[in-house]
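Trainee: I have a structure I would like to understand better, so I am pasting it below and will then ask my questions one at a time.
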Amino acid sequence: MLRVVSWNINGIRSPLQGVVYEEPSNCSAMAMGRILDKLDADIVCLQETKVTRDVLTEPLAIIEGYNSYFSFSRNRSGYSGLFRVLCLSPGVATFCKDSATPVAAEEGLSGLLATQHGNVGCYGNMEAFTQEELRALDSEGRALLTQHKIRTWEGKEKTLTLINVYCPHADPGKPERLAFKMRFYHLLQIRAEALLAAGSHVIILGDLNTAHRPIDHWDAVNMECFEEDPGRKWMDGLVSNLGCQAGSHVGHFIDSYRCFQPKQEGAFTCWSVVTGARHLNYGSRLDYVLGDRTLVIDTFQASFLLPEVMGSDHCPVGAVLSVSSVPAKQCPPLCTRFLPEFAGTQLKILHFLVHHKQDPMFKQSALQLSNQTQVQMRQNKAHMRSTRPRPSQAGSSKGQKKLMSYFQLPSSHPQVSPNLELPSLDALVTPKTTEDKVMAKVVEVQTKASKAEDEKDLRTSFWKSVLGGPLPMPLCRGHGEPCVMRTVKKPGPNLGRHFYMCARPRGPPTDPSSRCNFFLWSRPS
């Protein structure tokens, strides 16, 4: 069986925070290894890693038992070609077990980022794109391809290409990003169909940033022109109709989850963290495992969601195939272990702290050398004892003083008469009973406590008279519960203003336990 999992991790270091504290050594490598073990997959595809090459650390990139591949964003804020790019580092990464080592790996969809060796190839007809446009589409690190050899139950060896993709998000207020998203979709489809035409099976998995059907969105009924969204229309042309039966279909690919669960409601993979929508499952399904039609029908055994896995605003998705992986003998050049910053010959300090097995001849010679050294040290000590002068042979009276000499009185000090009697201390002090001492101690403690309490009350009353303190939170009308204060972050005349709203998580309007519509502007202080 071959198990593949995809997860928009929302920052490769974010989910590690909850795991790192469980590790005694606070080691990121152990934490990342635990996440991969928890997902329990032969191939793990991560999206939105939010790391660039200059900040990627070796513990996150090189995990024992896995070979990893990263695609980094090459952009900063500003303009890239025909599109304005944001100051983001989306990035994707693929971790393959050593038993599923790919035969080829490649960054991007256009082929412009490909190297001379270890590429996947098969780019299709890209005459509709300019070189500048292709460079802009691949500059954000949103696609990573790995090609594997698989063996079916009949013993036939075939090629499988995985396209790990993080499609752009289209902000309604930025039409240029919608154009960027649709051109990225077009390029993705061209590359996937070209690989199919070359004889390879293809799986597209990752965050497509589009809820395809109304069943995949929590509020599709109240959305205007849901079916007319350009992203959904594109998916209609890429994906076949629901169900695995042969017959009427449009695209070359099948949504594997809807193939096995065509009518499952509430199967969401993304929720708003700010509104706490995950508590009431108020989300949408943006993450997919799409397989070519033949591959899904012949080899897919299951397709699943993992909503119980926390650490991101998305949950992992995956599939199980009834094939076995045929690992390559050597990792492709894109593997992170071949990066110059990780492939240096300089020894690490850990190398000197780890116990290594020694050669028996070397160990025997070292033991002989140690024995000779100990014999020489004993001879030197015996020689030093024989040559050291004894106290009776010291010719000078100016020797070391004895310890008792410092406690003897000098001869000039007046002698104290042994018959002189000193007055007793009890005769000078009036004796007190034990009960009197206890009572005096109790009175002293009570006096100090009363004085400290009076001083505290005085300070408290003073600051209360100076500072009025925070006003109580207003109560929402829907539940009569204290509200929560928020700040307007949208550019406009109200930017920075505070307001109150219901503190409950966002959910369906028909659910009485979800957030009500209470809203109140905060008075300026």
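Note that Cβ sites are derived from N, Cα and C of the backbone, with glycine treated the same way.
TrEMBL: automatically predicted annotations, no manual curation.
TrEMBL lists these features:
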ACT_SITE  TYR166  active site
ACT_SITE  ASP207  active site, proton donor/acceptor
ACT_SITE  HIS314  active site, proton acceptor
BINDING   ASN8, GLU48, ASP207, ASN209, ASP313, HIS314  Mg(2+) binding site
COMPBIAS  389-398  compositional bias 'Polar residues'
DOMAIN    476-525  domain 'GRF-type'
REGION    380-400  region 'Disordered'
SITE      ASN209  site 'Transition state stabilizer'
SITE      ASP287  site 'Important for catalytic activity'
SITE      HIS314  site 'Interaction with DNA substrate'
Trainee: Would you report the average pLDDT that the model assigns to the domain 'GRF-type' (476-525)?
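Mentor: Per the prediction, mean pLDDT sits at 87 for the domain 'GRF-type' (476-525).
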Trainee: Based on Cβ atoms within 10 Å, give me the single least packed residue among the recorded positions ASP207, ASP287, ASP313.
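Mentor: Relative to the other recorded positions in ASP207, ASP287, ASP313, ASP313 has the fewest Cβ atoms within 10 Å.
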Trainee: Tell me the residue counts in helix, strand and coil for the domain 'GRF-type' (476-525), as DSSP assigns them.
Mentor: 0 helix, 12 strand, 38 coil
Trainee: Please identify which of ASN8, ASN209 has the densest Cβ environment, defined as other Cβ atoms within 10 Å, among these binding-site residues.
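Mentor: Per the Cβ count, the most surrounded site is ASN8.
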Trainee: Restricting to the recorded positions ASN8, GLU48, TYR166, ASP313, which ones have a CA within 10 Å of the CA of the residue listed as 'active site, proton donor/acceptor'?
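Mentor: So far as Cα distances go, the recorded positions lying within 10 Å of the residue listed as 'active site, proton donor/acceptor' are ASN8, GLU48, TYR166.
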Trainee: For the recorded Mg(2+) site formed by ASN8, GLU48, ASP207, ASN209, ASP313, HIS314, name the remaining residues of the chain with Cβ within 8 Å of the site's Cβ center, in chain order.
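Mentor: Checked against the 8 Å cutoff, the neighbours are ASN10, GLN47, TYR166, CYS270, LEU286, ASP287, SER312.
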Trainee: Of TYR166, ASP287, HIS314, which is closest to ASN8 (Mg(2+) binding site) if I measure between C-alpha atoms? They're all recorded positions.
Mentor: HIS314
Trainee: Round to the nearest Å and give the CA-to-CA distance linking ASP287 (site 'Important for catalytic activity') with the residue listed as 'active site'.
Mentor: 9
